[in-house]
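What follows is a set of notes on a single structure, which appears directly below.
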There are 2 protein chains.
Amino acid sequence: MKLLIIKIDTSQEVEDALSIYAMDNLNALGVESRNRSDFEQAGWLHDSTVVDMDDIKDLPKDTYFYAYFDEEADRDELVKKFQDKMQELKGYGLNIGDAKITTSYIEDQDWNTAWQKYYHVINFSRHLAIVPKWEDYKPAFKDQQLIKLDPGLAFGTGNHKTTQLAMMGLERAIVKKPISVVDVGTGSGILAIAASKLGATDILATDISDESMTATEQNSALNDIKNIRVQKTSLLADVDGKFDIIVANILAEILLELIPQMDAHLNEGGQVIFSGIDYLQLPKIEKSLDENGFKIDLTMKQGRWVGLAITRKEK
Amino acid sequence: MKLLIIKIDTSQEVEDALSIYAMDNLNALGVESRNRSDFEQAGWLHDSTVVDMDDIKDLPKDTYFYAYFDEEADRDELVKKFQDKMQELKGYGLNIGDAKITTSYIEDQDWNTAWQKYYHVINFSRHLAIVPKWEDYKPAFKDQQLIKLDPGLAFGTGNHKTTQLAMMGLERAIVKKPISVVDVGTGSGILAIAASKLGATDILATDISDESMTATEQNSALNDIKNIRVQKTSLLADVDGKFDIIVANILAEILLELIPQMDAHLNEGGQVIFSGIDYLQLPKIEKSLDENGFKIDLTMKQGRWVGLAITRKEK
């Protein structure tokens, strides 16, 4: 299988907007950004990659945004849509950089290899790091939990910001034992695995896709984790029982479908952790939470992305 | 020494506003709130205390707010000021509850004892808890770091929300070694101690007050910590050298004085963590950060309180 790559020479300011547009509206197989600052930065690894500068022949002026599509996709139409989107973003007063769009095709296999070169350890926090399975990493602190991951093409490199916000919520919430967690829309299984590493005793990971079930089981095995069950279903439909923590790192539109299902699946005194919310969508989420008997305890915002810790309203 | 206690039967909605008013405008020695939900809630210990319900003879309808003053303070004038403040808050459409104000005097010693009854372990996160020195606490997770604290009258029970936001910032930032931290306005020394427990190698704690220097040294000793130096100074004035992390949990007005001092004391790639910002003050802080070459990486908000993770702008 070959992949169509659309590469846009742009600015960091529109990176998130392009990611959402490519994934949600154009059904991209994956997206990726390379920021100049990622390459220049060293030592501080949050949401960035550190690469030997000599390795880089093609350093972005500001940001290269890449979207990956099936080779059968209509290249000219996609380019046109990205051009229109860039003009729309420019109209909002955003910096779109040079806005130069180029296209190419590569073998899927090559892409995986190229990608590994840029996808390195992410130090989410003092106690949690994500380590790609091909990476040999020695943490600065011996008790840092390493989450080994083979993200695979299906999930791209994910969005580190939204994952980190959800993990901060988990680190704050997992303070008792035993504690049960359901990870809704688990994708690669990363948050379910983080919950297990943090000491959650009973974990369910749900997702609507077969690929996610396979990836979650493989990534669980990679981490020697045995307390994660998987269930293929839409959100919490058909899920039995209640949990101490519901965590969901999915787009706001899907969270709106999840909210009415939560009360029936949350233990008394339980917490809900959301991530993946574009800040423009926050008012809708707040309204729906309020209507369903929930309130926001903590709001975390990084760039455009918002994460929430949520509890039931007091009676 | 005796203490004057002013007790207001009110609602949780105005608790933070009353705290700020009492501390900043009326120079209260300490403030305290007891919410009905604190007493009813069990298991989830964030920013709350768990008490045996049989112990409670005087359960608040919603919230009891207490402010403590020197016995020499003008009681009638303080009551009048609180009455005016309550009417002002009511004018904003806030729920002030019954707004009944009562006063009493107790021996300082009694107050300390009474207070200990309500001040228990706070589970800030999976890896950090604050344990009052008189408490025998067995954490659910063996590797949870316990910060033993004798908060003392000088600092009251502190504001757990702002402390927690700062600690979340520290847990996210301390990912390499060696790493140096300066805690500006350290008070009881709690954030300096948290930084040490998280693995920071070299820590300076500054404060303008003698009481803070003593408390920080005593609390460091209580935790067997030897890598915290103290320096009595205003913010970073007279401080030598640069740090990887600057953390400051102080009121916004004071942060505005700190911001222009930061660049000279922050290592390349370093991070600044702020807490203690009332959300209404956030625009002023943002403007000052921008003018001084800094940008906000992460915003955390709980109730009225905002915490920030800050980096230098990219060149």
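Cβ atoms are placed via backbone N, Cα and C, with glycine included.
The S-adenosyl-L-methionine binding site annotation in Swiss-Prot covers B:THR163, B:GLY185, B:ASP207, B:ASN249 and is backed by sequence analysis. For B:ASN249 (S-adenosyl-L-methionine binding site), the number of other Cβ atoms no farther than 10 Å from its own Cβ, over all displayed protein chains, is 28. According to DSSP, B:ASN249 (S-adenosyl-L-methionine binding site) is assigned to a strand segment.
Neighbouring residues of the recorded S-adenosyl-L-methionine site, listed in sequence order and excluding B:THR163, B:GLY185, B:ASP207, B:ASN249, comprise B:ALA166, B:ASP183, B:VAL184, B:THR186, B:GLY187, B:ILE190, B:LEU191, B:ALA248, B:ILE250, B:GLY276 (Cβ within 8 Å of the Cβ centroid). In this structure, the binding-site residues B:THR163, B:GLY185, B:ASP207 were compared by how many other Cβ atoms lie within 10 Å of their Cβ, and the smallest count belongs to B:GLY185.
A coil conformation is recorded for B:GLY185 (S-adenosyl-L-methionine binding site) in the three-state DSSP classification, outside any helix or strand.
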